[in-house]
Amino acid sequence: MSTFRLALIQLQVSSIKSDNLTRACSLVREAAKQGANIVSLPECFNSPYGTTYFPDYAEKIPGESTQKLSEVAKESSIYLIGGSIPEEDAGKLYNTCSVFGPDGSLLVKHRKIHLFDIDVPGKITFQESKTLSPGDSFSTFDTPYCKVGLGICYDMRFAELAQIYAQRGCQLLVYPGAFNLTTGPAHWELLQRARAVDNQVYVATASPARDDKASYVAWGHSTVVDPWGQVLTKAGTEETILYSDIDLKKLAEIRQQIPILKQKRADLYTVESKKP
């Protein structure tokens, strides 16, 4: 199957977890009704984003939130990329994305590898590492359409991760993410287009909707970029479902026209994973 429909849910996240779960599942069902085959929720979709919130909202996996995601994936017969939630495991907290298949089974669990620790004087200072621990594994899953690679937000800044996913056969990279009003306008679209062109893959980002009253204000603008670096579709800042029909034939044509993946000089340089 050379084409499939991707849906990105730009959810308006509140401080009430049960409301977030109910709304997220409702929008997933709507996306499925509109023909989506793969659906992604945004980063931290079940709780406000912030180091003070992570411990209070953290759950085990499986747990309340992932059980709901499993059920709605099965009900809707879709592949569901569950954005991310704060996960508690063995006394540590992680920023974790769970993916469910059309039968409701857990396909893969991605823990954010690169923690968001930045300090831009006069603009924003944030340290996920105050409460979160980093993941230590690559995360891909297979579908009848293509192999998909996963990252969360800050992971997108690291070109090596995307390159390893491309080496492993991924044709779509999905990054649930919540850039802010400093990094968003500067780097959000730029990074997506760079990862797409560098690796000749589709890149999709699912952001929460913007809430100007939140302690951390998300940039919004969920986006899909094709392997040519063209923005196929981009949301504004409000809650919405973004749809894009992914054409893998176009990906193959681009790789044939500009065969950079075959032209890399392994005799001079390499990017390789140190773990499976």
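From the backbone N, Cα and C atoms, a Cβ is placed for every residue, glycine too.
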Annotated N6-succinyllysine residue, as Swiss-Prot has it, among K92, K123, K234: K123
From K68, K109, K262, the one Swiss-Prot labels N6-succinyllysine: K68
Which candidate, of K60, K130, Swiss-Prot gives the annotation N6-succinyllysine: K130
Nearest-integer angstrom distance between the alpha carbons (Cα) of C153 (active site, nucleophile) and K112 (active site, proton donor): 8
Distance from K123 (N6-succinyllysine) back to E43 (active site, proton acceptor), taken between C-alpha atoms, in Å: 22
Segment-level pLDDT (mean, integer) for the domain 'CN hydrolase' (4-248): 98
